[in-house]
Amino acid sequence: MKAFIKGFSRLTEAIAGGMLAAIFLIFLLQILLRYFFTPAGWTLELIGILWVWVIFFSCAFIVRERDHVKFDIIYLSVPRRVRQVFAMLAAAAIVVGMLYSFLPTWDYIDWMKIRKTATVRNPFSGEKIPLRTVFSIYAVFMLVVAARYAWLFFDIMRNGPPKTELEMVVGYNVVDEHPRVDVEDDEDASK
């Protein structure tokens, strides 16, 4: 299972990296076309579409929960058990919010099939791309984030709240002042 997760993680990073590289190359093409040939409007629109996909794809599959900016002054000042309750409430709120708003959001995304991109065309059919396709990544984002935070909710329930940055660096719970006991430390102490 760990090999699958690691492989999936590398694949998603490669996809996001490919989209960022495409944005950069299209941007260079846009500059080249603007200054040396006839400007093309599709470059700007395609960069915008790719940017939307990079943001929501990366937030769904790559950005870890601990990578988010947090205002955690109160969270860090309470005991570990209260932090567990806070973390479970936050995870549950995210799951409920995403799932509650999913159907209305999907209805709007689906309605956007009648609108099409202004200049970007499907390279295979030559038709303009429906905006439903452009914004469908947001629906994927909502479902993946809901699933990730549902998983996190049960993980917090079983294993307690996620470690804070300070706990990861120092190695013990600063608020409760209980030193972390590792298996290696127990084995060394028994010798």
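Heads up, the Cβ atoms here are built off N, Cα and C, so glycines get one too.
The following features are taken from TrEMBL:
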DOMAIN    23-153  domain 'Tripartite ATP-independent periplasmic transporters DctQ component'
TRANSMEM  12-36  transmembrane segment
TRANSMEM  42-63  transmembrane segment
TRANSMEM  84-103  transmembrane segment
TRANSMEM  135-154  transmembrane segment
### Message
Within the same chain, where does the transmembrane segment (135-154) have neighbours whose Cβ lies under 8 angstroms from its own Cβ atoms, ignoring anything closer than 6 residues to its ends? I mean 6 or more beyond.
### Response
52-53, 56-57, 59-61, 65, 87-88, 91-92, 94-95, 98-99, 101-102, 105-106, 109, 112, 162
### Query
In the predicted model, what is the mean pLDDT computed over the domain 'Tripartite ATP-independent periplasmic transporters DctQ component' (23-153)?
92
#### Entry: Helix-strand-coil residue split for the domain 'Tripartite ATP-independent periplasmic transporters DctQ component' (23-153), DSSP-based
100 helix, 9 strand, 22 coil
